[in-house]
C-alpha cells in the first residue's frame, strides 16, 4: 500500500513537472533553473546594496562597489574576485569566514557560477519544452549564442588570463571599464572575429527592422477603412496575414531581385541565423583573446627611408590603448616596464 502511494505521488509529481499544459512550463531542467537563478538574483541584489569593498588587485587596496559605500546605479557593481584567489574555486567553506570571503570577492564567483548554470539550464528547458510540443529545436540553438557570450566573458576569459579578477564587473560602469581595458590589452576592435560579430548584431538589427517594416507595409486588408488593420487578424488563423509576394516584389525592385526572399521559411531562418552566427564568432574571438591571441596591433610606427617617424592614426590609437592600460590598475602597474 505504501509503495502504491509513493508510486502515485511520484507519478503525480512527474506529471506536474513535465506537463506542457501548465501556465508556466517547469520541466526537469526547471528544477535546476529556478533555484539557481533565484540564488544568483538574491545574491546579486544583496551585494549590489550591501557588499563590503573587495581587494580585486590582491594588493590590499580594496575597491567598493555597493550602494552603501557611496556608489550609485551607474557606478555600482559586484566587484570580481581578488587576484590573490586567481582561478581557484572559492566557495564560502574555502575561506576562514564570511568576512574574508567577502573581502576576497567570493560573492562574484557565487553570482557568476549560479547565473551561468541557471541560463544553461534555461537553454535545456527550451529544448525540453520544444520536444514536448513536437517543435523543432531552433529556439534553444538560438539561445546558445548569448550562452556562448556569457561563457566567454565570465568563464573562459578569466581562466585564460589566470584570475577571476579579470572578469567583467557586474555593473554598468564596470562593464564599460571592462570593454576599454579589453581594447587596451587585446586590440579587440581590430580582431576579425569582433568585426564579424558587429556585422552580425547590427546586420541582424537592420534585417529585423527591414522585415518588420515590409510585413507591416504589406498587411492584407481585412477590415473597413475606419478600423485598424490589426483588427483583421485572428490569433491562430490559417491564412497569412501579409502578402509576401508584394513584399518580395517591392524589395526586389528597391535593391535588386536576388536581395529579396520569396520563401518565408528561408527568410525567417536567415533572420535567426545571421545574428546567432555573428555572436558565436565574437564569443570565439573573446575566447581566443583570453589566451592573448589578440587583434592586429600598431606597436611599430611607420618609418620613412631616413628612419623618421611618420605620424598616423595608428600611433594615436596605440597611445590611447597604452594610456587606458596605465590608468587601469594604476597602483599595480610598474610604469613603464608594463608597457613593453
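The backbone N, Cα and C atoms fix where each Cβ goes, glycine too.
According to Swiss-Prot, the chlorophyll a ChlzD1 binding site annotation covers 114. Positions annotated as pheophytin a binding site by Swiss-Prot: 122. The Fe cation binding site annotation in Swiss-Prot covers 211, 268. The quinone binding site feature in Swiss-Prot is assigned to 211, 260, 261. The annotation site 'Stabilizes free radical intermediate' is assigned in Swiss-Prot to 186 on the grounds of sequence analysis. Annotation source Swiss-Prot lists transmembrane segment at 25-42, 114-129, 138-152, 193-214, 270-284.
Shown on the structure are the features that Swiss-Prot records.
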{"residue": "114", "record": "chlorophyll a ChlzD1 binding site", "DSSP class": "helix"}
{"residue": "122", "record": "pheophytin a binding site", "DSSP class": "helix"}
{"residue": "186", "record": "site 'Stabilizes free radical intermediate'", "DSSP class": "helix"}
{"residue": "211", "record": "Fe cation binding site", "DSSP class": "helix"}
{"residue": "260", "record": "quinone binding site", "DSSP class": "coil"}
{"residue": "268", "record": "Fe cation binding site", "DSSP class": "helix"}
Rounded inter-Cα distance in Å - residue 261 (quinone binding site), residue 268 (Fe cation binding site): 10
Residues flanking the quinone site, with Cβ no more than 8 Å from the Cβ centroid of 211, 260, 261 and excluding those residues themselves: 210, 214, 247, 248, 251, 259, 267, 270
For residue 211 (Fe cation binding site), nearby residues of its own chain (Cβ under 8 Å, 6 or more apart in sequence): 267, 271
Pairwise CA distance, residue 114 (chlorophyll a ChlzD1 binding site) versus residue 268 (Fe cation binding site), rounded so that it is a whole Å: 33
Other CB atoms, at most 10 A from the CB of residue 268 (Fe cation binding site): 13
Inter-residue C-alpha distance, the residue listed as 'pheophytin a binding site' and residue 186 (site 'Stabilizes free radical intermediate') (nearest angstrom): 32
Count of other CB atoms lying within 10 Å of the CB belonging to residue 261 (quinone binding site): 19
Same-chain residues at least 6 apart in sequence whose Cβ lies under 8 Å from residue 186 (site 'Stabilizes free radical intermediate'): 289, 292, 294, 295
Intrachain C-beta neighbours of residue 260 (quinone binding site), sequence separation six or more, cut-off 8 angstroms: 247, 248, 251, 252
